[in-house]
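One structure below.
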Amino acid sequence: MRIDDPSVPPASEITPQACYLDRRRLMATGLAASAGLLWPGLAAAAPLSGTPGRYSTSEPKTPLDDVTHYNNFYEFGADKGDPARNAGHFKPRPWAVEVGGFVDRPRTFSLDEILKLAPLEERIYRLRCVEGWSMVIPWLGFPLSALLKQVGPQSRGKFVEFVTVSRPAEMPGQRMPLLDWPYREGLRIDEAMHPLAILAVGLYGETLPNQNGAPVRLVVPWKYGFKSIKSIVKINLVERSPQTSWMKSAPDEYGFFSNVNPDVDHPRWSQATERRIGELFKRKTLPFNGYGEQVAGLYRGLDLRKWF
Ligand SMILES: Nc1nc2c(c(=O)[nH]1)N[C@H]1C(S)=C(S)[C@@H](COP(=O)(O)O)O[C@H]1N2
Ligand SMILES: [Mo]
């Protein structure tokens, strides 16, 4: 490891940071425990429940209709209404997620196995898009760390790379050169192990709608929305900061970290304010999207202007 590279945390910091918020063990409800049995072979949403998780905001939730009809999911087109319009033919079941790279136990997880990794929790999180709007969404999911612990990250696995499914036949946007397909994202290992970072399998008490990233997507609430990659099929532990789709398309506009930051403007617009979907007036953007108390420690000593 290059100790002069501030994007790489000293190895000594990784474990303490990951364990630093002593996560309360939550009991599964009977329904959550049997969620795998309830998962239907249908495209329609099915009921799903989870225990209320800590870290949830008490702010008003964005209406379900907005959460499912104002989306970014370029695989289905670049307009906000395209995902709801075009994702109906996408088949999120059966599904598998391959986890490999620098891990002790590389493994492919079926969707049922993913659902049994940890009790499902409801996490009501703010989601802030880099375009300047935000929502409050009640996700159903569990900490990404539960999956990573199963495979045993090795010390060379300093970063985690995520890859979306490649299905041009079902995803009309992938038949256009909108991005370098498949969509890719990445986190530093200590970010990935943070208890706020979750894999979501549902929202508003049901399995994920296709347009929101069915059947399993990442949610990292302190970063811009594009880090929260949808419809994941591959997770790789890698040694160097992975290339992401947005960095590749516009390296000056999208950095690897992409932490929500009112003081670092996007080259083409300000990030100082945002519009909460459903509200009339703009509100101030909060550092780390309001999760600074939980995550600022991950970036201690890092120049957030340089490492945007
Ligand atoms: N695979 C994939 N994941 C993606 C995107 C995408 O285009 N493709 N868009 C991102 C962006 S820009 C945002 S703001 C969020 C939106 O999530 P939502 O539609 O569930 O609110 O998904 C992110 N995840
Ligand atoms: Mo976004």
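Heads up, residue numbers simply count up from 1 along the chain you see.
Cβ atoms are placed via backbone N, Cα and C, with glycine included.
Per TrEMBL, the features are as follows:
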{"type": "BINDING", "residues": "ASN71, TYR74, GLU75, CYS129, THR164, ASN212, ARG217, SER228, ILE229, LYS230", "note": "Mo-molybdopterin binding site"}
{"type": "DOMAIN", "residues": "90-246", "note": "domain 'Oxidoreductase molybdopterin-binding'"}
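Non-local contacts of ARG217 (Mo-molybdopterin binding site) by the CB criterion (under 8 A, 6+ apart in sequence, same chain) comprise LEU199, ALA200, LEU208, SER228, ILE229, LYS230, SER231, ILE232.
If you draw a 10 Å sphere around the CB of GLU75 (Mo-molybdopterin binding site), it holds 30 other CB atoms from the protein chains shown. A simple way to gauge crowding: the CB of ASN71 (Mo-molybdopterin binding site) has 25 other CB atoms within 10 angstroms, across all the protein chains here.
Taken in sequence order, the binding-site residues ASN71, ARG217, ILE229 that lie near ligand 1, meaning a CB under 6 Å from one of its atoms, are ASN71, ILE229. In the three-state DSSP scheme, GLU75 (Mo-molybdopterin binding site) falls into the helix class. In this model, the domain 'Oxidoreductase molybdopterin-binding' (90-246) carries an average pLDDT of 98. Following the DSSP three-state reduction, the secondary structure of ILE229 (Mo-molybdopterin binding site) is coil. Maximum intra-site Cα distance, Mo-molybdopterin binding residues ASN71, TYR74, GLU75, CYS129, THR164, ASN212, ARG217, SER228, ILE229, LYS230: 19 Å.
Listed in sequence order, GLU75, PRO182, TYR183, ARG184, ILE229, LYS230, SER231, ILE232, VAL233 are the same-chain residues six or more apart from THR164 (Mo-molybdopterin binding site) with CB atoms under 8 A from its CB.
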